[in-house]
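Annotation comment: TrEMBL describes 74-96, 142-159, 186-208, 220-237, 249-272, 292-315 as transmembrane segment. Annotation source TrEMBL lists domain 'MrpA C-terminal/MbhE' at 105-171. The feature domain 'Na+/H+ antiporter MnhB subunit-related protein' is assigned by TrEMBL to 187-309.
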Amino acid sequence: MNESRQEENKKPAVYRIWRALKGQPEEKAEELTLEREQILDEKVLEKHRLDHEKMLEKTYDIEHNPIYGFFRRFYKVAGVLCCLALITILLVQVSYLPAVGSSSNPGSNEVAAKYIEDGLQDTGAVNIVTGMILDYRAFDTFGESNVLFIATCTVLILLRNDKKKGKDSAEAEERRDSYYEPKNDVILQTITKVLVPIIFIFGIYVILNGHLSPGGGFSGGAIIGAGLILYLNAFGFQKIERFFTEKTYKWISFGSLTFYCLAKSYSFYTGAHHLESGIPLGKAGAIISSGLILPLNICVGLVVACTMYAFFALFRKGGF
């Protein structure tokens with residue numbers, strides 16, 4: 001057999017093409033066909049299926065499999081014991097914490113007193129937390145926003161489905177994209193049409209009102225990002241790409257981070273006391289107040305919203 005195969009391989013390619021046109025398969029193909037027929041024999045497959053079912057029945061038969069039954073009981077007991085141990089450890093740790101509001105607390109010092117007493121005067125923000133994040137330590141918050149952008153770029157590099165590598169036909173590409181489109185769920189789409197505008201408006205409110213009440217760019221951006229994800233799950237990539245694409249994400253993130261960088265870099269040259277910007281703080285409690293805090297909140301909210309949607313799109317489809 002080996003000698004005949006070697007002789008067949010020595011023959012010119014024209015002879016093999018001629019045999020293929022006549023419908024005469026090569027000896028190697030004939031051997032593969034016979035082997036496949038032997039493997040796919042119905043009796044062999046049926047015996048294999050029965051053996052597999054018997055093995056599963058024997059494995060999951062608790063009455064006749066003491067090891068499996070013991071493991072199930074041990075798993076339940078161990079789970080309860082681990083939960084009780086974790087609760088006990090946490091309660092013991094909490095018992096060592098200082099009392100709330102006590103003057104002897106480590107946090108009750110001159111640093112905290114400075115921020116509480118002079119925060120409104122220095123930053124113009126009624127919300128002391130926002131004044132801390134976007135004024136006293138605004139440059140650190142800028143670094144955190146850059147971390148979000150870099151993390152998205154890293155995920156994009158690792159998970160992106162590069163269409164340039166596999167140049168498929170238009171039909172194949174359309175078929176592949178349709179795989180990621182959601183089903184036409186009328187209930188979900190109707191609810192989304194009602195909820196998404198409310199979610200977007202509430203997220204914008206949280207961002208714009210962050211210097212006056214609890215909220216800000218991080219929480220408001222997360223709300224808007226959740227609205228984008230809900231819209232995507234209801235209507236799919238084709239409809240959301242009408243107003244939000246990969247290019248949109250890049251321009252919004254780049255513009256927000258660039259403005260943030262220029263705004264806080266400008267603060268270095270206009271004041272020496274905790275990065276003062278020189279911009280009037282306005283009237284405390286007004287929507288247009290707190291100097292640069294409001295536009296910085298908007299920048300942070302845009303970056304967070306885009307990052308949330310980008311992560312979801314990349315994990316689901318490998319792209320926008």
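Yeah, the Cβs are placed from backbone N, Cα and C, and that goes for glycine too.
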For the transmembrane segment (142-159), sequence-distant contacts whose Cβ falls under 8 Å of one of its Cβ atoms, 6 or more beyond its ends: 253, 256-257, 260-261, 264, 299-300, 303-304, 306-307, 310-311, 314-315, 318
Cβ contacts under 8 Å made by the transmembrane segment (292-315) with residues that lie 6+ beyond its boundaries: 123-125, 130-131, 134-135, 138, 141, 145, 148-149, 151-152, 155-156, 159-160, 203, 207-208, 210-211, 216-218, 220-222, 224-226, 228-229, 232, 237, 244, 249, 252-253, 256-257, 259-260, 263-264, 267, 277, 279
Integer average pLDDT (0 to 100) for the domain 'MrpA C-terminal/MbhE' (105-171): 77
Secondary structure composition of the domain 'Na+/H+ antiporter MnhB subunit-related protein' (187-309) [DSSP: H/G/I, E/B, coil]: 85 helix, 0 strand, 38 coil
